[in-house]
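As recorded in TrEMBL, the features of this protein are as follows:
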- 66, 159, 294, 328, 418: substrate binding site (BINDING)
- 126, 127, 265, 329, 330: pyridoxal 5'-phosphate binding site (BINDING)
- 294: N6-(pyridoxal phosphate)lysine (MOD_RES)
Ligand SMILES: *Cc1c(COP(=O)(O)O)cnc(C)c1O
């Protein structure tokens, strides 16, 4: 009798998850009033690439839950690694203490850069890793007797996170506008966005022109500039704008020439998204700082980090406390998150993920062939496991609400996609079969037809 009552109670609770969430949870990156018409979905479980809601609907997670998930939800190997770590130690401060997962993870990541970036500083969210790189860069120059090097350069259309320091190097008007007065001023260099390639110009020529424009800033201001920050190859939040690796090669040379640090923000593009483990590898360069988050824990737990070189590490290695890097976050190097990351790296190795993703990327291109031929669309582009295209502005009836309409339409088709402006993209976990990829692409097409009907 009693158990029956409890079950009923649970059922009513679960029926109300959405209402209760709207009353008590302030959701990220959302105008809450839009939820008067926009659905809010209560997810109760996940398995592989699928998310399940409280009504029993299933959604294929085509964007890896905001670019975090690599090997599916409830992945047995990552689950097990976290459980095993849980039996040993869940968390301990990383100042004055260390533990096996953080040591092994740092060694493995350093090895993946062939030792170029062998010192790893940890945080929890991506924005914090960006702040660490910015602060370390300026502090390094101070220690070199060049305290005037305190300005940063970022790209037009860049995104590096939402905290004040990271937002200062973010060039997305919608995210910045309200907070402009709180942000330090930065130099913004033109984006080598390959969509600018027209009238017979190639993406490589655009890259060269944009590198020249960056040099103009460097020539004039290099004494005041600490670092240039870039999302290598794909400006993800900036509508998946892609560029030629030639830009990165030129930028590396310019940064060396003008004594400016290069910060590669690989929070979104790292961990194999672009086809190599690090996007910088496509250009054969290493930055002075490389930030990772999102996929590094397999999409399980908040973990971020900023890797740097022996040279920069050595500059802080002194007797005075204040000349060390005194930054910290409470959960820095959390053992559970590091254990999840180690499990994710183990999957990369044992399952030859990067090799198999070459084929998966081909499946993706093949499945979305329809979008290349659809005259309503333009700028079809792909970099490894990221595929995107834009709706021509002329066919959009409601440009400001298209992304939300498309999101809602995609849910009706059993997929989760979240367009950015007029850009539709997919960035799936590395576990889809060729036929799942095909189904995903057809569902995107049906959702688009619903919206553009
Ligand atoms: C998501 C993202 C960030 C911010 O990471 P959070 O964990 O959301 O703070 C920074 N840089 C890039 C390139 C990102 O995509």
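The backbone N, Cα and C atoms fix where each Cβ goes, and this holds for glycine too.
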Between the C-alpha atoms of residue 159 (substrate binding site) and residue 329 (pyridoxal 5'-phosphate binding site), the distance in angstrom, to the nearest integer, is 22
Within a 10 Å radius of its Cβ, which of these binding-site residues (66, 159) has the fewest neighbouring Cβ atoms? 66
Go through the binding-site residues 66, 126, 265, 328, 329, 418 and pull out the ones with a Cβ less than 6 angstroms from some atom of ligand 1. 126, 265
Taking the Cβ of residue 330 (pyridoxal 5'-phosphate binding site) as centre, how many other Cβ atoms lie within 10 Å? 9
Residues with Cβ closer than 8 Å to the Cβ of residue 265 (pyridoxal 5'-phosphate binding site), same chain and 6+ apart in sequence? 130, 133, 160, 229, 230, 231, 232, 291
Min neighbour Cβ count (10 Å) across binding-site residues 294, 329, 418 flags 418
Would you count the other C-beta atoms found within 10 angstroms of the C-beta of residue 126 (pyridoxal 5'-phosphate binding site) for me? 29
Which binding-site residues sit within 10 Å of residue 294 (substrate binding site) - Cα, from 126, 329, 330: 126
Same-chain residues at least 6 apart in sequence whose Cβ lies under 8 Å from residue 328 (substrate binding site): 94, 95
Between residue 330 (pyridoxal 5'-phosphate binding site) and residue 418 (substrate binding site), what is the CA-CA distance rounded to a whole number of Å? 32
To the nearest whole angstrom, state the Cα distance for the pair residue 66 (substrate binding site) and residue 329 (pyridoxal 5'-phosphate binding site). 23
Cα distance, residue 418 (substrate binding site) to residue 329 (pyridoxal 5'-phosphate binding site), nearest Å? 31
CB within-chain contacts under 8 A for residue 127 (pyridoxal 5'-phosphate binding site), separation at least 6: 160, 161, 162, 163, 165, 166
